[in-house]
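What follows is a single structure, written as structure tokens, with notes after it.
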Amino acid sequence: MASRLLLNNGAKMPILGLGTWKSPPGQVTEAVKVAIDVGYRHIDCAHVYQNENEVGVAIQEKLREQVVKREELFIVSKLWCTYHEKGLVKGACQKTLSDLKLDYLDLYLIHWPTGFKPGKEFFPLDESGNVVPSDTNILDTWAAMEELVDEGLVKAIGISNFNHLQVEMILNKPGLKYKPAVNQIECHPYLTQEKLIQYCQSKGIVVTAYSPLGSPDRPWAKPEDPSLLEDPRIKAIAAKHNKTTAQVLIRFPMQRNLVVIPKSVTPERIAENFKVFDFELSSQDMTTLLSYNRNWRVCALLSCTSHKDYPFHEEF
């Protein structure tokens, strides 16, 4: 198992990263420090997580202690939906760089294809509770992302939560300068994403799987929701390999040539989640896990279903 995947800009992206969505600011500094000590070299961030400053403190400390060099780290962040206007993209990226205390990002993603009205609110809502869209389009936003590469602020650019038609739109953009390096999507045994993954990989786009454990700490979880970590069928596969369910759920995307970014702020779990390079799921295990697909999404962005660029009305 290669520990890094080659991106279309020539960079090598660590196949396993630490996710920081929902990591409380008071805990994320310690989490990132532990992760780097344990061997993680890829940290997945975003402006909307409201903890990039604290992530940056941890990165700086580890650089200062010479535990790691900057060029060994792979730092990812994301452009939030309220910054899709061409004139706002660079400032949003600079804010992230300043919070993370870095000169450049290894990868910068458009977080969602849906542009929102600019302003202080991350989710600007109208009277009926729907998100207020911006009149931006994906291609203009992409052109502004390309400028960040030319200016040296980011090494690679990509997308997140884009369906295959939206990916195709970028690939067919007149005057396209840089292809998306990555599409980061939700992916786990209940949402296996075969068609979208096959499409992206056929175009030389690496896929990152987020919420590989089903995001059990999501604020909107309902008691009747299915639980990957408690699924007896997945527990059985884990027992067979003498591994935890989480380790199986992290290894599963890796064997599909996906990058995977499990989130934890618990030192023991951060270390446990990294111990996935010393075993292999059989092809039977892989087929079995793929068969559990039920097209169940943790992140459906339901406040945006009427947005013109809402990604999940399409089959893939």
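Note that Cβ sites are derived from N, Cα and C of the backbone, with glycine treated the same way.
Mapped onto three states, the DSSP output places Ala2 (N-acetylalanine) in coil. Feature annotation from Swiss-Prot assigns N-acetylalanine to Ala2.
Swiss-Prot lists Ser3 with the feature phosphoserine. Taking a C-beta cut-off of under 8 angstroms and a sequence separation of 6 or more, Ser3 (phosphoserine) has the following same-chain neighbours: Pro14, Ile15, Leu16, Phe277.
Long-range Cβ proximity for Ile261 (NADP(+) binding site), meaning a same-chain Cβ under 8 A and a gap of 6 or more residues, is found for Leu16, Gly17, Leu18, Gly19, His42, Asp44, Gln184, Thr208, Ala209, Tyr210, Pro212. Under the heading NADP(+) binding site, Swiss-Prot lists 10-19, 211-273.
Summarising the annotation, Swiss-Prot assigns site 'Lowers pKa of active site Tyr' to Lys78. Lys78 (site 'Lowers pKa of active site Tyr') carries a strand DSSP state (E or B).
Look at Swiss-Prot and you will find Lys95 (among others) tagged as N6-acetyllysine, backed by a large-scale study or a structure entry. In this structure, Lys95 (N6-acetyllysine) is part of a helix by DSSP.
Shown in sequence order, Ala46, Val48, Lys78, Leu79, Trp80, Cys81, Ser160, Asn161 are the residues of the chain, 6+ apart in sequence, with a C-beta less than 8 angstroms from the C-beta of His111 (substrate binding site). Secondary structure from DSSP puts His111 (substrate binding site) in coil. Summarising the annotation, Swiss-Prot assigns substrate binding site to His111.
Around Lys222 (N6-acetyllysine), a 10 Å sphere centred on its CB holds 6 further CB atoms from the protein chains shown. What Swiss-Prot records for Lys222 (among others) is N6-acetyllysine, and it gives a large-scale study or a structure entry as the kind of evidence.
Non-local contacts of Lys263 (N6-acetyllysine) by the CB criterion (under 8 A, 6+ apart in sequence, same chain) comprise Leu18, Gly19, Thr20, Trp21, Lys22, Ser23, Ser215. Marked as N6-acetyllysine by Swiss-Prot: Lys263 (among others).
Ranked by how many other Cβ atoms sit within 10 Å of their Cβ, the recorded positions Ala2, Ala221, Ala271 place Ala2 at the bottom. Gly10 (NADP(+) binding site) carries neither a helix nor a strand DSSP state and counts as coil. Ala2 (N-acetylalanine) sits 12 Å from Arg251 (NADP(+) binding site), taking the CA atoms of both as reference points.
In this structure the alpha carbons, written CA, of Ala271 (NADP(+) binding site) and Lys95 (N6-acetyllysine) are 30 Å apart.
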